[in-house]
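K.L.:
Quick paste from Swiss-Prot:
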BINDING   Cys24, Cys27, Cys40, Cys43  Zn(2+) binding site
Amino acid sequence: MAKTALIQKANSKPKFGVRAYTRCNRCGRPRSVYRKFGLCRICLREMALAGQLPGVTKSSW
């Protein structure tokens, strides 16, 4: 889990727009966040496999 202080810092509006960055809405992870879902790759996989994300299916070919 991410530190609460860092999550609060990311939620506040930065002085300059370039400093803004995305965090996972579920766990607060700063890396590999999918903008479309607002989730990191780990949370996205967990929720997709549990069937909590409508329209997302496991790929097979």
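Every residue, even glycine, has its Cβ placed from backbone N, Cα and C.
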K.L.:
Does DSSP put Cys40 (Zn(2+) binding site) in a helix, in a strand, or in coil?
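P.N.:
Strand, per DSSP.
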K.L.:
Could you tally the C-beta atoms, other than its own, that fall within 10 angstroms of the C-beta of Cys40 (Zn(2+) binding site)?
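P.N.:
A count of 22.
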K.L.:
For the Zn(2+) site (Cys24, Cys27, Cys40, Cys43), what does the 8 A shell look like? I mean other same-chain residues with CB within 8 A of the CB centroid.
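P.N.:
Going along the sequence, the neighbours come out as Arg23, Asn25, Arg26, Gly28, Arg29, Val33, Leu39, Arg41, Ile42, Leu44.
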K.L.:
Which entry in the list of binding-site residues, Cys24, Cys27, Cys43, has its Cβ near the fewest other Cβ atoms, using 10 Å as the limit?
P.N.:
Cys27
